[in-house]
Amino acid sequence: MTTIVSVRRNGHVVIAGDGQATLGNTVMKGNVKKVRRLYNDKVIAGFAGGTADAFTLFELFERKLEMHQGHLVKAAVELAKDWRTDRMLRKLEALLAVADETASLIITGNGDVVQPENDLIAIGSGGPYAQAAARALLENTELGAREIAEKALDIAGDICIYTNHFHTIEELTAKA
C-alpha cells in the first residue's frame, strides 16, 4: 500500500505521497511517483492501490476533466459512476485523492466521491497516521500546507511498514 495526504491551507493545496511499491511483503521499488498533475497542471492527484490500476484511472479521470472543461466535481462523479458500473473498471483496485484550486475529493471504486471535512485527505495503509498528524498540525500550528503534508508523511513513514520516506509533492496556489 502507500500513504497519500492532501492538505489545504491559506490558498494552497498540496497532495503528497510516498514512493514505496510492494509485492506482497517485499519492497519492489522505493521511488514510485504516486502524485501527478493533470489537466494542464490545474488538478493534482494521488493514488493508493495498484499502480497499473491507478495509471488507468488517472487517464480516465483526465478524459473526464477534458469532457467537463476541468470541472473537478463533475469529472469525479462521472469517473466514479463509470468505475462502479463498468464490468472491467470495477476490477481496478485503487483510491484517488484529487484537488484543484477550490475542492479536494476522494474517489473510490464503490462510486463514492467524498469531500472531507477541513479539506484534509489521507488514504492508503498509512492514511490514519498521516491524517492524525496532519489534523494535529492544522489545529495547533501555523505551518503551511506543504510543511504539514511533509511532516504527516514522515510520521506515517515512521509507523507504517508499507510507507517510505521518498516523497513526491505537488502544490497548487489559488489565484488572487
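For all residues, glycine too, the Cβ spot is worked out from N, Cα and C.
These come from Swiss-Prot:
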{"type": "ACT_SITE", "residues": "Thr2", "note": "active site"}
{"type": "BINDING", "residues": "Gly157, Cys160, Thr163", "note": "Na(+) binding site"}
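In the three-state DSSP reading, Cys160 (Na(+) binding site) counts as coil. In sequence order, Thr3, Asp18, Gln20, Ser125, Gly126, Tyr129, Leu153, Ala156, Asp158, Ile159, Ile161, Tyr162, Asn164, His165 are the same-chain residues whose CB sits within 8 A of the CB centroid of Gly157, Cys160, Thr163, the residues recorded for Na(+) being left out.
Each residue contributes its Cα atom, and for Gly157 (Na(+) binding site) and Thr2 (active site) these two points are 9 Å apart.
Here the C-alpha separation of Cys160 (Na(+) binding site) and Thr2 (active site) works out to 9 Å. According to its DSSP assignment, Thr2 (active site) is coil.
Counted within 10 Å of its Cβ, the other Cβ atoms near Cys160 (Na(+) binding site) come to 21, all protein chains included. Counting every protein chain shown, the Cβ of Thr163 (Na(+) binding site) has 27 other Cβ atoms within 10 Å. Sorting the recorded positions Thr2, Gly157 by the number of other Cβ atoms within 10 Å puts Thr2 first. In this structure the C-alpha atoms belonging to Thr163 (Na(+) binding site) and the residue listed as 'active site' are separated by 5 Å.
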